[in-house]
Amino acid sequence: MMSDASDMLAAALEQMDGIIAGSKALEYSNGIFDCQSPTSPFMGSLRALHLVEDLRGLLEMMETDEKEGLRCQIPDSTAEVLIEWLQNQMTNGHLPGNGDVYQERLARLENDKESLVLQVSVLTDQVEAQGEKIRDLEFCLEEHREKLNATEEMLQQELLSRTSLETQKLELMAEISNLKLKLTAVEKDRLDYEDRFRDTEGLIQEINDLRLKVNEMDGERLQYEKKLKSTKDELASLKEQLEEKECEVKRLQERLVCKAKGEGIEVLDRDIEVQKMKKAVESLMAANEEKERKIEDLRQCLSRYRKMQDPAVLAQGQDSECEGLFHSSSISTLLDAQGFSDLERSTSSTPGMGSPSRDLLHTSAPEEFHTSVLQASIPSLLPPSVDVDTCEKPKLPTKPETSFEEGDGRAILGAAAEVSLSDGVSTSSLQKSSSLGNLKKEASDGTDKAPTDSRTFGTLPPKVPGHEASVDDNPFGTRKARSSFGRGFFKIKSGKRTASAPNLAETEKETAEHLNLAGTSRSKGSQGTSPFPMSPPSPDSRKKSRGIMRLFGKLRRSQSTTFNPDDMSEPEFKRGGTRATAGPRLGWSRDLGQSNSDLDMPFAKWTKEQVCSWLAEQGLGSYLSSGKHWIISGQTLLQASQQDLEKELGIKHSLHRKKLQLALQALGSEEETNYGKLDFNWVTRWLDDIGLPQYKTQFDEGRVDGRMLHYMTVDDLLSLKVVSVLHHLSIKRAIQVLRINNFEPNCLRRRPSDENSITPSEVQQWTNHRVMEWLRSVDLAEYAPNLRGSGVHGGLMVLEPRFNVETMAQLLNIPPNKTLLRRHLATHFNLLIGAEAQHQKRDAMELPDYVLLTATAKVKPKKLTFSNFGNLRKKKHEDGEEYVCPMELGQASGSSQKGFRPGLDMRLYEEDDLDRLEQMEDSEGTVRQIGAFSEGINNLTHMLKEDDMFKDFAARSPSASITDEDSNV
């Protein structure tokens, strides 16, 4: 701005100088033309005037010497022209009278020049002022620019801080979600611990009450022992008096026989004396009978005390189970040796003594059955006191009718109590087994009596040897009955079933076997194995036995109470019979009777009709029309080759041949597996669950069942037109989930449960529909329908390392530019699958040959080259072994039993273990079962007592106790 103003000012001044110079030159003009006119003739002379003025100015400035020197340098011609010109008198055509006009004009121009100079000075001042303002404005502009830059920097910092805050917010939200999950898990654990503590507190209170009762019973026992000791002393004195009286009676009888002929009067006196002595003996016998009643009462009290004492001893023996068991058994043995030997040997011999003892038994027996489950079960574990009683020195014989009636009364009481206890809900099976032990023990106590010695008196009835029980009698009945006894106990331990559980038929059969153990073992085994002869039973015993059989007849509710499988006949169908509605309620249960009868017969001996019906059950009934004439028996299928199946039966489908071969192998194997129970209809529903319903037609045509899923190969899937890599991996992980859950039919989760406590093990069981529900719960409902038919389920999400968030986002069709949505999906996906699965997926992504899993990737079948054509058969065999899901996947975790909470590792007895128990010898099996039963009761007691009962119970497996008992046998 300033430079432009300066230029304008300089141009104006130059113009003014030119105007002034032009006005001076007009004095020499003739006034005809204006000097400013472009056609003026003075434009060339104006220059000459300027040159002359310049010359004058220069000459005035020069000195004389310089002037002389300059003049010498001027050419002569130039000097002559100048002199001639200067001496000319012409006025250049101007009249002398026009000089005033030019003078006025010159004055006016001078005035204009001065005014212009003033204007120029004013303009200069204005220009300077404007320059100052311009400088101020430029300074303000710089300040505003600096402020703008500072504001932009602050804006950038604010954007960076906001981005970091957003990231921190997402991290905090993820942390809050983790904390919520942890809080839910902790809350669940707290509730579990509270429930466990509440149960434990009640059990501890019950144990304390039992201890108080034991202390009270201990005091009563001491009193009873004192009474028993005094009663024994009195009994000994009475026996001595009785011996003396017997000897005296014998002596008097001998004298009476010798002197009857000669001494008639003395005979009469002696008869009177004998009558008096007989009356005295009768009074002694009445007193003896009263003592016997007291002894029987003491014996009943001691038996109840022993039943109450044994569980307390087991509960107090927490530090050493074996010591507690030995202590309880030694106490019972000591009581039997000290208190029961003389009692059983001093049983009354009069006929009237049977009914009072039975009445006393009937009055005291109901009190025995008011004990708890543990109290009722433990006495059956202890060694019977029969051997100890027989080892003592008996003094009095036992009347047969009395002992038999007493045993029958006890048997009836045991059976009646067993019937009343069978209506319980949670402990029915345990009570049945315990009542069985009581029944057997009381029967042995009532019937197995010791023989008398040589000091028996003649007035007492003679000994009947037939009622002496053999030492080798099996207290658990036959081997089959014992196995059912063991199975009942193991089923009690293994599950939480109640008496109303769906397994009805087996429960009834088990109940009847338990009830009839005493009868079957005595009727079949005792007659052949007892070394002592059996006397014919009395009429009273026959009545009692018929009463027992009548009682068992009332208990028989269905045909499952039959004990001999050969005697079972197929009943004809009738409506309204027992268990008419059991089939629909059992769900997955099969026809137990038919399956058992089929398994009893080898498949090679099956008839043609059985084989055909079996093929129809397998879904291969379409081949019966062409191959029915070829099938003779089961042996035909067992010996058939691939060519025979294809030629004779017309099975062209390779999967049908494989299905038949696997089914035949399963029939030949003794192992019972759950995948053999899943038919092809279940597999089609399973395809819906894992999100692959498009293959239902192919799987249904191939009759793919659970066994074929377990042994499914890659070639099998390719033959079923499954060529997608993603679908192969989906089926692979779905089979692995089935193995982990032991091929349970309903292991997959189709509906949401508790969203706050989801674990990766539960996510493994999610179906495709459940995954879509999860997407809706995390605000991705608009993308959830894209998973239909994709094969995405919980097992694929958790177990497959190649399946990650990127694959999930591609399957959901989330665009790559929606980074917030993908980040949101990644956050919830990682929270869902857990840290371990995240680590596996991260390791898989770091591998050098990692390729992102997509829905378009295809499985390339292996091709055989001509170089390997010679080993074609070998190659086919090796390729056939390439399973979709390798056998090692899911086996380790699949062996664990389901149905228990985490942390409760309870070992269940399998069928092989029970069959192994059945194959034991009689004596060894009895001892081992008693040991296992006692060990199980000990473990249950410790579970109820200790705070960490679940972990301790896992450490004390019943199998270890059986092994210890085997080593001690």
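Residue positions begin at 1 at the first shown residue.
Cβ coordinates come from backbone N, Cα and C, glycine included.
Listed ranges 381-407, 894-920; the one Swiss-Prot annotates as region 'Disordered' is 381-407. Within the list S454, S569, S757, the entry that Swiss-Prot describes as phosphoserine is S757.
If you compare S444, S595, S893 in Swiss-Prot, the phosphoserine annotation sits on S595. Looking up S346, S428, S523, S560 in Swiss-Prot shows the phosphoserine annotation sitting on S560.
When you go through S348, S483, S753 in Swiss-Prot, the residue listed as phosphoserine is S753.
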